[in-house]
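Chemist: One structure is given below, represented as structure tokens, and several questions about it will come after.
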Amino acid sequence: MTETGSYKDTVNLPKTNFDMRANAIKREPEIQKFWEENKIFESLSQNNPGELFILHDGPPYANGSLHIGHALNKILKDIINRYQLLQGRKVRYVPGWDCHGLPIELKVLQNLKSAERQNLTPLQLRQKAKEFALATVDNQRQNFKRYGVWGDWDNPYLTLKPEYEAAQIGVFGQMVLKGYIYRGLKPVHWSPSSKTALAEAELEYPEGHTSRSIYAAFPVTSFAEAAKPLLGEYLPDLGVAIWTTTPWTIPGNLAVAVNGDLNYSLVEVSRIGAETQSNFKYLIVAADLVERLAATISAQLTVKATFKGKELEHTTYRHPLFDRESPVVVGGDYITTESGTGLVHTAPGHGQEDYVVGLRYGLPILAPVDDNGDFTQEAGQFAGLNVLGEGNQAVIDALTAAGSLLKEEAYAHKYPYDWRTKKPTIFRATEQWFASVEGFRDEALKAIAAVKWIPAQGENRITPMVAERSDWCISRQRSWGVPIPVFYDEETGEPLLNEETINYVQAIIAEKGSDAWWELSVAELLPESYRNNGRSYRRGTDTMDVWFDSGSSWASVVKQRPELRYPADMYLEGSDQHRGWFQSSLLTSVSVNGIAPYKTVLTHGFVLDEQGRKMSKSEGNVVDPAIIINGGKDQKKEPPYGADVMRLWASSVDYTGDVRLGGNIIKQLNDVRGKIRNTARFLLGSLYDFDPEKNAVQFEEMPQLDKYMLHRIREVFEEVTEAFESFQFFRFFQTVQNFCVVDLSNFYLDVAKDRLYISAPDAFRRRSCQTVIHIALENLARAIAPVLCHTAEDIWQYLPYKTPYKSVFEAGWVQVEEKWHNPELAEFWQQLRQLRTDVNKVLEQARVEKMIGSSLEAKALIYVKDANSRKAIATLNPEVGNGVDELRYLFLTSQVELLDSADKLQDGKYTSQSDSWGIGVVNAEGQKCDRCWNYSTHVGESAEHPLLCERCVPALAGEF
């Protein structure tokens, strides 16, 4: 053959139908269908040989569409579950939903006309709420499945299912029997706009809240014996100065609290420009705050005496607006000199610390405010006024009239609002049901210490929360929830709540669901013995806090389902759950069983936009997971990337803090997926005629380069394993990306093309390379499978040879061999790779200046400065080599000359010098081979193939 180009059909070019484009919008659903039809998840979770692995799902709330925070959470869970499956464990994952509570009630009410709303019975509201919750669950379930999340989607747990509610009542019943549940008056966060008590987790603290704060003085009427000698002479013109940001609570004042260890001063008041004249010649105030108070009330304050706070204990004062005397009491460390006067107005019905101090001193719990936030008759002249509006003003006016007000000023601070209605809340004592945390606090703290927290600071967050928390108010004044199964004696109001009544109600709810509490008569809900015992009962109308619902899931799901195991291996949620689900689950589990319901707790941060700002509709910076997957209205601007890109993002971020996401980040991650697909496509294409059973080369026989590559493969996949084991998925992301681009594309595969294309199909140099490629490809598919689950399966389905596994997930985790480990060889090849990089720079220079087109048109001149290195590198430039471990193949040049002195570099037109070596480039010698495009002085020597070189002639004969 003497025609140029007539040999192009004799080279082994890659062949595969694996698509370079992901085409995820079509391909991902096909792959999910393949998993479903073949029941891959079900069979692995039943038949894997390893231990059980139970990641218990924290239930998202069934009241709207999924947002990117849901996606991050469920994808992180799925990455862990899929990794555990690949490791051979029996992963049982039951997704769940939180279905009760006020937000769902509000959604239902918002959709009704006001006339319908007025006449709604609790049962009708519950029916509508249930329909809404179930519709939301279905919508969210379809979306979660589209993310590629595996789980028991046909049998999820819903907090509204009868078996769930019954188990929850069982937890409540056990806590009752252990004496942890009680009823009491207690100040709770009360929302007048929702007319219900709110949990801490249902509050938010918006920026920009301003209160009307007042300084006032209450007239002192007597001192304790010990203080009389020092302070007695200043009566009756003496007042205790207090400061409050909630003047409406003054009618509930029953004490003034001081810090026993602080210094206080008695000061004489002389007004400078008397704007408000008060009745007091003398005031008591914290010593450190005298100057600040003087400036605030525009008066001159002269210190007459100084003493410790504890000396004021048992002093009495008269309430400025009501005819009653109250004590000065010693409070706690919450009384500081950071603001106010150092004396704290104390209303046990309107504040947590006030309540605790009140209990200690036996003060009544007074809260003259009703459900709407209006003063009751107990508030006398203020009855009927709203405490957050005209009631507040009326109290300030009355204090002014009584000569008690010292100063009023606006005060900006954090104030709790109802997270749903966005309106301010109040602290108000109401009859509520409580779980006494005091009874098992120490056990709870012990349980926390026995859990593994990831990141570790999670333990430092939840520990003080549990150590300092007050008793848990578990009752809510709503109808959409699990009822507190209590009856009240119609005559005495005494609650009826015991083992017999609880078990009876539990059995009814297990059969009929919690609607029965509203549907059945009281007689039907009571055990026989209480039906005709001469008393009549009414049922309670409170439901349980939804945190008690979800906090019982360890009992309703993990313990109750036979395929699961309690305690669960892991809980994984956002870091806001230290005060939410992690804590409510811990408290119920410890109180009933004395242990935490989880062995490990992993938390992640929130998703912010690319600038690190909170996502909000008003900012227009919300990233919708559905749009990432399916694309937006304008598919040019918002293309459909599919679920794998979103999953790749979840693996790329350091989730231990807040994470960022936006259009640019997603685009970059799409490029990374593209690089991984491209690498996989080349690997697949290079194996079209390879059967590992027949063609694989033994490790011992391999050339150095291939042994080095297997060392790298072992190193890379051990690093990836370590990343998954330690839940540091960003390390997986960086390692795999680097391996595909730096080790494979830019190095090994670049060098391999000559071996793969030019050699005879069955040549040793080609089969050895294919063996490495087959190992790299199968391990790459397995390693990306927890994250890029669709891409990994796609690769596996296109393997050109038979494998015993129909899915990559059946193939198990990566497989590397100990014998591949060879640090000395690796060190030598690292040095060669550095040399290759430097040679490429010089070749590039020659290419830019048009001295050469392709690097094969060049001959490289190398001078290695260190004699030992020179000797070692010389072994890779033999007269006759093995066709692999040769510098010419490494550099992709037609020839390489190793120089014994630096002088000869002068021959090269382009040169570079470093500490280790000098490099030059000259034109290659000989003619260009028409088949492999290498230059050789032997082209033309074969009569049969005059256009070919000394490698291609034997290659065509099957000998190279």
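Cβ coordinates come from backbone N, Cα and C, glycine included.
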Chemist: If you check Swiss-Prot, which stretch out of 14-18, 369-373, 534-538, 614-618 is marked motif ''KMSKS' region'?
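Modeler: Of the candidate stretches, Swiss-Prot labels 614-618 as motif ''KMSKS' region'.
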Chemist: Quick check on the annotations: Swiss-Prot lists motif ''HIGH' region' for one of 60-70, 764-774, 874-884. Which range is it?
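Modeler: Based on what Swiss-Prot states, motif ''HIGH' region' spans 60-70.
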Chemist: Which value does the mean pLDDT take for the motif ''HIGH' region' (60-70) in this predicted structure?
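Modeler: That stretch averages a pLDDT of 92.
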Chemist: Would you kindly list the residues that approach the motif ''HIGH' region' (60-70) from elsewhere in its chain, counting only those six or more residues past its ends and only Cβ-Cβ distances under 8 Å?
Modeler: 97-99, 101, 103-104, 107, 132-134, 136-137, 139-140, 143-144, 158, 574, 606-607, 615, 622-626, 661
Chemist: Around the C-beta of Lys617 (ATP binding site), how many further C-beta atoms are within 10 angstroms, looking at every protein chain?
Modeler: 7
Chemist: A 10 Å Cβ contact count, applied to the binding-site residues Cys929, Cys932, Cys949, Cys952: which residue has the minimum?
Modeler: Cys932
Chemist: According to DSSP, which kind of secondary structure is Cys952 (Zn(2+) binding site) found in, if we only use helix, strand and coil?
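Modeler: Note: Cys952 (Zn(2+) binding site) is helical by DSSP.
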Chemist: What's the CA-CA gap between Lys617 (ATP binding site) and Glu573 (L-isoleucyl-5'-AMP binding site) in angstrom, rounded?
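Modeler: That separation, Cα to Cα, works out to 24 Å.
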Chemist: Quick one: pull the CA-CA distance for Cys952 (Zn(2+) binding site) versus Glu573 (L-isoleucyl-5'-AMP binding site), whole Å only.
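Modeler: Approximately 61 Å lies between the Cα of Cys952 (Zn(2+) binding site) and that of Glu573 (L-isoleucyl-5'-AMP binding site).
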Chemist: Just how many other Cβ atoms lie inside 10 Å of the Cβ on Glu573 (L-isoleucyl-5'-AMP binding site)?
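Modeler: 21, counting other Cβ atoms within 10 Å of Glu573 (L-isoleucyl-5'-AMP binding site).
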Chemist: Which residue counts does DSSP give the motif ''KMSKS' region' (614-618) for helix, strand and coil?
Modeler: 0 helix, 1 strand, 4 coil
